[in-house]
């Protein structure tokens with residue numbers, strides 16, 4: 001009888017908690033841009049570039065202030081797969097890859113402390 | 001000593017897998033995308049079948065999926081009347097292209113700048129991805145839903161297969177039909193092999209090979225069962241086919257002889273494709289799984305490990321998983 005070919009292991013299946021595309025994989029690190037590039041129009045025109053840079057710094061500052069003002073507030077997160085969860089916001093990590101939250105309300109109960117993966121988040125809202 | 005093929009099963013989809021495509025060979029290996037009726041196309045590492053990510057966003061069954069050559073972009077065609085373009089590294093949706101009916105097929109040009117789409121509204125559409133707001137170019141002619149549309153002849157021409165039992169060759173610049181092939185029955189699949197300009201077509205139990213430029217028949221063969229998809233090995237020594245009897249068939253391309261058949265799927269095989277290096281082929285089935293099959297059974301490649309008789313029982317051998325013989329129902 002013929003011997004079946006041996007395998008080292010079976011192919012890895014999907015992670016039930018994430019949509020994948022691991023940001024720590026070598027391909028992601030090499031190919032994924034972590035910031036938006038300068039627009040083509042700005043590369044040509046120095047004045048346009050200055051205006052674009054100014055707009056970028058205004059937006060960045062605004063985003064960072066938003067994260068600061070969210071501390072200890074109740075935030076609603078809209079995530080992939082129609083997931084809507086609410087939690088008390090703690091802090092973000094430096095690359096905005098994870099949000100540290102407390103009292104995360106989920107359909108299966110309240111999690112005292114949790115980390116929310118930013119790439120799974122579509123949007124979030126809170127009352128300032 | 002004869003070795004028996006061990007297919008690798010990739011689970012994760014919850015409904016039939018209807019289409020699959022490989023990327024080219026990239027510095028990070030090659031990749032595989034699968035289209036599924038569950039609406040969630042998946043990206044996998046091509047040589048191992050390991051899941052990398054799921055493209056989330058479609059609101060209906062995904063009928064077609066493709067990757068560009070360097071696997072940086074993906075495109076999908078769905079029953080929600082849209083085609084979507086994705087960043088295949090981050091998994092983010094980049095573009096949604098609205099259509100008037102179910103979209104069945106998507107294909108990138110070699111430079112990834114244009115996307116060809118087609119589906120149940122019987123029109124071929126060409127989208128300029130650098131200017132997605134602009135209306136696409138539309139090519140009319142088919143009288144039924146288009147099943148598959150592909151760029152060919154260095155992206156200068158388009159091949160389309162539709163339920164009107166024809167395959168048409170179109171010129172991209174003039175948008176006119178150059179040649180039409182008519183069949184007695186609907187064509188179930190079409191594969192374009194650029195190197196050698198060969199078109200692989202399946203209809204009924206027939207697997208046929210045509211010259212992609214002239215649409216002249218090169219040769220054909222009948223399989224033991226109705227075939228849904230076939231693929232030619234990059235070196236053109238073999239071709240594989242799968243269909244309604246759940247089996248995968250391997251043929252010699254020169255002699256057109258059936259060499260082997262493999263059982264494994266629990267439902268009809270909808271799609272089968274060789275990897276870009278020809279070392280394996282992937283099949284997608286009604287049973288919701290993808291299976292990877294070795295071209296050279298017993299060779300060490302990917303997750304398959306060649307074990308010589310003297311290695312068995314060695315003290316320092318790695319942990320190996322040898323599947324138990326399958327119980328036949």
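Yeah, the Cβs are placed from backbone N, Cα and C, and that goes for glycine too.
Note that the structure is predicted; figures quoted are calculated from it, not measured.
As annotated by TrEMBL, repeat 'WD' applies to B:55-96 (among others). Across the range of the repeat 'WD' (B:55-96), the DSSP-based residue counts are 0 helix, 22 strand, 20 coil.
Residues or ranges marked as repeat 'WD' by TrEMBL: B:96-137 (among others).
Residues 64, 102, 104-105, 107-111, 114, 116-126, 186-190, 192, 194, 197, 199, 201, 212-215 of the same chain lie 6+ residues outside the repeat 'WD' (B:139-180) yet bring a C-beta within less than 8 angstroms of a C-beta in it. Taken from TrEMBL, the feature repeat 'WD' applies to B:139-180 (among others).
Residue counts for the repeat 'WD' (B:262-294) under DSSP, helix first, then strand, then coil, are 0 helix, 18 strand, 15 coil. The feature repeat 'WD' is assigned by TrEMBL to B:262-294 (among others).
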Stretch-averaged pLDDT - the repeat 'WD' (B:96-137):
96
